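Here is the structure we will look at.
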Amino acid sequence: MDRSDSEKTDVLPMFKQEYGRYGRQMLVPEFGISGQLDLRSKRILVVGAGGLGSPAIQYLAGAGIGHITIIDDDTVEESNLHRQTIHAGNVNVPKSESAAEFVGKLNPCISVTPMVVRLSPSNSFSVFEGHDLVLDCTDGPAVRYLINDTAVLSGIPVVSASALKTEGQLSIYNYNGGPCYRCLFPIPPPADAVQTCGDGGIMGPVVGMMGMSQAMEAIKLLTGVYSESFTPFLMLYSAYNFPPWKSVKVRKRQKTCAACGDVPRISRQLIETGQVDYSEFCGSPSQVLLGEEHRITPEEYSKIVSTKHILLDVRERPQFDITSFPRSINIPWSELKHKEELDVQVDGSPVYVVCRYGNDSQNAVDKLQKLGIPSKDIKGGLYAWAKNVDEKFPIY
């Protein structure tokens, strides 16, 4: 930004260009120039530059946050672009660098730092240092607990959101004596019950709404809207409900909380030395459940695909409708797991099972074997088939 003819003075606390850039929001009585000056002096850390981080970063940058740090070790994929519009034209570019590039073009009045690393127990405290607020734009329980614990011990509030399919939720943690994430969720959900956008799907506008809401709540926090009175809440959004928005009160800070309680059991030393094992705490479903004798590679299956056999596709129906093998039979794993017998005549034919990535298909083979039906899992599922056998097969 060329400020040679627009330097700040005692009369003008901002550069002339900033008055023109932020004028419309400074006209809002609840915000004003005092709010703009507040934002101008603040530093925000955004963890995750994906579906939530993409809109949040765009609107925070536009609003004039003084500095934004973006940490994400992932790269942009084509499947991201329907909802992560900040990355347009940047497939295969690190997300944090792509987002920082967008910020630099959108608002040269602020500064931005991209970090192409994964947030971990060994670096979280150094990453958080010097920031006024953290936006949790991640999609996994383990990293959410890490963000929470680091924020509590660093004295930094967190604006956290999530989105899946057509629904989203948002809350503020560790602010003004309110609860932290562990207060509300002391025990993580079962690992097998956790879905990501890649598993369950996501509507772009839904995650966009949640990311923009994070940006708005961040602005309110940083400009003192909640400073006098703050009632902890959980904001819920459901795109196909009417009305789509509702807000509910949540429990207060828990005195017995492991992170922010009266006698906390989590410390910086325990985190940095790996004694708080977030992966173990949250669990992780095993990726290999079956012995090799019960599995077959996509290449091996390609040699028998034209022979007589039964192919069960255990994906959910919407995924099956997107693409499938000819003559495959769809029995979703969510249904098969409860069956006491198979609704398909096997008649001695070999049975093979496929899913999207080769996880549910292993569970299905294990179930079929318990029902007395010999079967084999196709390793890596349809994704591996498209990658290793048929490049024309659509992946999603």
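Cβ coordinates are placed from backbone N, Cα and C, and glycine is handled just like the others.
Record check: Swiss-Prot places Asp72, Ser79, Asn80, Leu81, His82, Arg83, Lys95, Asp139, Gly140 at the ATP site, and the matching candidate among Gly35, Gly51, Gly168 is Gly51.
Taking the Cβ of Cys180 (Zn(2+) binding site) as reference, residues of its chain lying under 8 Å away and at least six apart in sequence are, in sequence order, Asn148, Ala151, Val152, Val158, Tyr173, Asn174, Arg253, Cys257, Ala259, Cys260. Take the Cα of Asp139 (ATP binding site) and measure to each of the recorded positions Cys183, Cys197, Cys355: the nearest one is Cys197. Within 10 Å of Cys197 (active site, glycyl thioester intermediate), judged by CA to CA distance, lie the following recorded positions from the set Gly51, Ser79, Leu81, Arg83, Cys183, Cys355: Gly51. Taking only the Cα positions, the spacing between Arg83 (ATP binding site) and Cys355 (active site, cysteine persulfide intermediate) is 25 angstrom. Each of the recorded positions Cys197, Cys260, Cys355 was scored by other CB atoms within 10 A of its CB, and the lowest score goes to Cys197.
Separating the Cα atoms of Cys183 (Zn(2+) binding site) and Gly51 (ATP binding site) is a whole-number distance of 26 Å.
Residue counts for the domain 'Rhodanese' (305-394) under DSSP, split into helix (H, G, I), strand (E, B) and coil, are 29 helix, 13 strand, 48 coil.
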